[in-house]
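Asker: As annotated in TrEMBL:
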- 23-287: domain 'NADH:quinone oxidoreductase/Mrp antiporter transmembrane' (DOMAIN)
- 289-343: domain 'NADH dehydrogenase subunit 2 C-terminal' (DOMAIN)
- 60-80: transmembrane segment (TRANSMEM)
- 92-115: transmembrane segment (TRANSMEM)
- 152-170: transmembrane segment (TRANSMEM)
- 177-195: transmembrane segment (TRANSMEM)
- 201-218: transmembrane segment (TRANSMEM)
- 239-261: transmembrane segment (TRANSMEM)
- 273-293: transmembrane segment (TRANSMEM)
- 323-346: transmembrane segment (TRANSMEM)
């Protein structure tokens, strides 16, 4: 892609998110979300592969549906209360519809079916943008919703952790595994959203770091399915030793970074007298942990000629920049002692 066009699209992506961040009016927030969607669509379709075009079409239709629903709900709120302010939403009907529209935008269960299909059709770089940056703007709006629809959000959160764990169990495609991982992590964030927004932001930032690291590891290895992982030992031995730790951090295994958000969320849910919810969420985390263990097994304990017929590749120096990967991998493994400090900084 032409670098000028790429720069324009990335600028549009950033501008759309910034407009949503800065807006206090529903129409402005909606406009920011639309700019975000329209900026990423050429990035998704630029390979001109039928699978990429199909994924882009699915993404566009889903996002357009969610945006139209959001606009309808905010107009209904203005009709009922005479207010366009995001903070002034009071009626339960538009609040519920807005929560469901934003759930569709970020891919929460049961409105998740588009996410694995879309992510599977994209290259890893665009998939990374879709899994991280595109979640920011809808999350800012979700954080500003009044606490009247807590039961709905808890239901969406539990369903997402369950579907995210269950859906990833039998997958062999890495992008689909990462999509179900995204659904499960979003479920954890939504569970705690109404009780501790700062904890939601902490979980979101931790998820970004872990996902960034996982996507870059797969991109460096040019791996798109579980069988290709077996050849990574011959290409990048040092990275192959660290990659399972990153995956297990995504699963929330102590003493890695990913453990702390889950632990704090379970603690907060218990404080709110939601022990059954916390227990169910902890059990669904085991499902996710299983498929991360499966990927770790494929990476480290499988020898390539025994699993695939492809020739073992030569070990060549990587042509892409490895500094972001090194930084994010270290953060994914070793941020646990700093988590209380980060949480204190995020708490207003």
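Each residue, glycine too, has its Cβ placed from N, Cα and C.
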Asker: Mind checking which residues of the chain, 6+ beyond the ends of the transmembrane segment (323-346), have their Cβ under 8 Å from one of its Cβ atoms?
Answerer: 198-199, 201-202, 205-206, 209-210, 212-213, 216-217, 220, 239, 242, 245-246, 249-250, 254-261, 264
Asker: Would you kindly list the residues that approach the transmembrane segment (201-218) from elsewhere in its chain, counting only those six or more residues past its ends and only Cβ-Cβ distances under 8 Å?
Answerer: 124-125, 127-128, 131-132, 135, 139, 143, 174, 178, 181-182, 185, 188-189, 192, 224, 239, 243, 246-247, 249-250, 257-258, 260-261, 264-265, 324-325, 328-329, 331-332, 335, 339, 342-343, 346
Asker: Do at least three C-beta pairs under 8 angstroms join the transmembrane segment (152-170) to the transmembrane segment (239-261), pairs 6 or more apart in sequence?
Answerer: no
Asker: Six or more residues out from either end of the transmembrane segment (60-80), which same-chain residues have a Cβ under 8 Å from its Cβ atoms?
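Answerer: Residues 26-27, 30, 33-34, 37, 41, 89-91, 93-95, 97-98, 100-102, 104-105, 114, 118 contact the transmembrane segment (60-80) from elsewhere in the chain.
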Asker: Can you work out which residues elsewhere in the same chain, 6+ from the ends of the transmembrane segment (273-293), have a Cβ less than 8 Å from its Cβ atoms?
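Answerer: Apart from its flanks, the transmembrane segment (273-293) reaches 154, 157-158, 161-162, 164-166, 168-169, 171, 177, 180-181, 184, 187-188, 191, 247-248, 250-253, 262, 265-266.
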